[in-house]
Amino acid sequence: SLSAGLDLPGRFLFAILTLMTLIANVVFVEEAVYIYRKIPSSKRLIIIWINAAAPVIATTSCIGMWIPRSTMFTDFTAAVFFAIVIHKFLLMMIKESGGQKLLLRRFENGHFKISTGPCCCCCLCLPRVRITRRTLFWLKLGTFQFAFLRPVLMFLSIVLWTNGNYTFYNLSPKGAAIWISCFVGVLTIIALWPVAIMFQQVRTLLICKKIIPKFALYQFILILNHLQAAIINILAMQRIIRCAPPLSSSARGAYMTQQLLIMEMFLITLISRVVYRRRYDDLEPPECTSEEAGGNKEAP
């Protein structure tokens, strides 16, 4: 633990960041109770999972900050949890559209635009894919594979680490870290693609359910937890972030990432409470209520 070697400003910073983590968890628990009481059971668990992303990442970062030796375990835990959240976010968009049957009925003659990020945003010539039960299955499979394979890869990495064959900062071709990281990167891109495709399709339909700010929060968590951490790790490995005894460059980079993530996830937790805090049934905007009623009347 670094707490023994901290000066007064360092201890004050640790105390403030720990307090932020505790407040984020209290806000999440209060919001989870509210969601459990006010939101229909079909959407309840999915929305709680998505809301838990920011507090979980803040908690793992706080543990890693206090116990530097646990950084690899806390980072992997946060990455696995968010892999599941990516799959849950896709399911939430389908649920918010009335479920799979109503979604297929609404867009029975529609087509998915697959020329979107992160895979094919530049491939504008790609044909549109018809919206069917089969295409929805492939979209769900695209996110589910990441939620399933990420924990498997985490377990493999920990096994290799205990045997001395896995070092996160060893990116040589002979090391396991570079190959596992590249494989995880490919799986991540494949998982993000279906979410972007579905968002482009239902964005207008779900605008009254605040899908745009919800998607923005999801994107912010993704960028901050993955891209920001990767940039800081690269800067640390290149010694641009200099060592500050007793911390090496890599340890100091991880230390900075954890502190930034705690502050960022604290803010996202507060914003998520505002975005998600509404009663989905009896506080439904008038245009959504009429739209849902019309969809139900058309049902055979």
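Glycine is no exception: its Cβ is also placed from the backbone N, Cα and C atoms.
For reference, TrEMBL has these:
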type	residues	note
TRANSMEM	12-34	transmembrane segment
TRANSMEM	46-67	transmembrane segment
TRANSMEM	73-94	transmembrane segment
TRANSMEM	137-161	transmembrane segment
TRANSMEM	176-195	transmembrane segment
TRANSMEM	215-236	transmembrane segment
TRANSMEM	256-276	transmembrane segment
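The transmembrane segment (137-161) shares the most Cβ pairs under 8 Å with 176-195, out of the stretches 12-34, 46-67, 73-94, 176-195, 256-276. Proximity of the transmembrane segment (46-67) to the transmembrane segment (176-195) is not established, fewer than 3 Cβ-Cβ distances being under 8 Å for residue pairs spaced 6 or more apart. If one looks beyond the transmembrane segment (73-94) by at least 6 residues along the same chain, the residues whose Cβ comes under 8 Å of a Cβ in the stretch are 43, 46-47, 49-50, 52-53, 56-57, 60-61, 63-64, 100, 103, 136, 139-140, 143-144, 146-147, 150-151, 154, 157-158, 191-192, 194-195, 198-199, 202, 206, 211, 214-215, 218, 221-222, 225-226, 229, 254.
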